[in-house]
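A quick write-up on the structure given underneath.
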Amino acid sequence: WQLGFQDATTPMMQGIIDLHHDIFFFLILILFFVSRILVRALWHFHYQKNPIPQRIVHGTTIEILRTIFPSIIPMFIAIPSFALLYSMDEVVVDPAMTIKAIGHQWYQTYEYSDYNSSDEQSLTFDSYTIPEDDLELGQSHLLEVDNRVVVPAKTHLRIIVTPADVPYSWAVPSLGVKCDAVPGRLNQISISVQREGVYYGQCSEICGTNHAFTPIVVEAVPSKDYGSRVSNQLIPQTGEA
């Protein structure tokens, strides 16, 4: 029913989901504890049950507990949270391949930097949203593009993100990726897609009107099929042999 997260396909996204579930466990405990205290207070201090209640100034035991436990719980949350944040910020020193994502209003340009022999012979292509009238059966409205980003599965990838005109964000929920792009700067992220499939995302930054019309589609294929996909689909678009 579209509840919860999308299925994780990278270790980072799996870590995000696990951290969410761990924190939610503490939230349930806090909700139960606070609700029990609230209901108990309403019950015992109801005007009909106890019309002349005692004047309770303070309770030493409850004040000690409500000071210690809220201090311990953030420690259990902070340790895995910091570990995940540092893991997400870690950049692979020697990635298998590098892809440069250049954002425009309202489309994406991708450059496979490892295949560039010169400025005139670069493996670059644009990725536009498929209009609603041109959608085929099974394709999603405002999510499908004419040229997908084809990457090999189970491979360390480096994505360099930068805009050509306005700020935007290269975000794919299933990959656990959301990287802001700032004009004049290069940001980079590292991902490793663990299984084959097609993964959808959208610009999640306020890049102007109609920014929802900037979809991102990443297709992960087996490593043995990646070379043929690049040769048959991507290289002809650059005019190379």
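Any Cβ shown, glycine's included, is placed from N, Cα and C.
Automated prediction, rather than curation, is the source of TrEMBL annotations.
The domain 'Cytochrome oxidase subunit II transmembrane region profile' annotation in TrEMBL covers 1-92. Counting residues of the domain 'Cytochrome oxidase subunit II transmembrane region profile' (1-92) by DSSP class, helix then strand then coil, yields 64 helix, 0 strand, 28 coil.
Long-range neighbours of the transmembrane segment (23-43) within the same chain, counting only residues 6 or more positions beyond its ends whose Cβ lies under 8 Å from a Cβ of the stretch, are 49, 73, 76-77. Per TrEMBL, the feature transmembrane segment maps to 23-43 (among others).
What TrEMBL lists as transmembrane segment is 64-86 (among others).
Mean pLDDT of the predicted structure over the domain 'Cytochrome oxidase subunit II copper A binding' (94-232): 88. Sequence annotations record features per position, and here TrEMBL assigns domain 'Cytochrome oxidase subunit II copper A binding' to 94-232.
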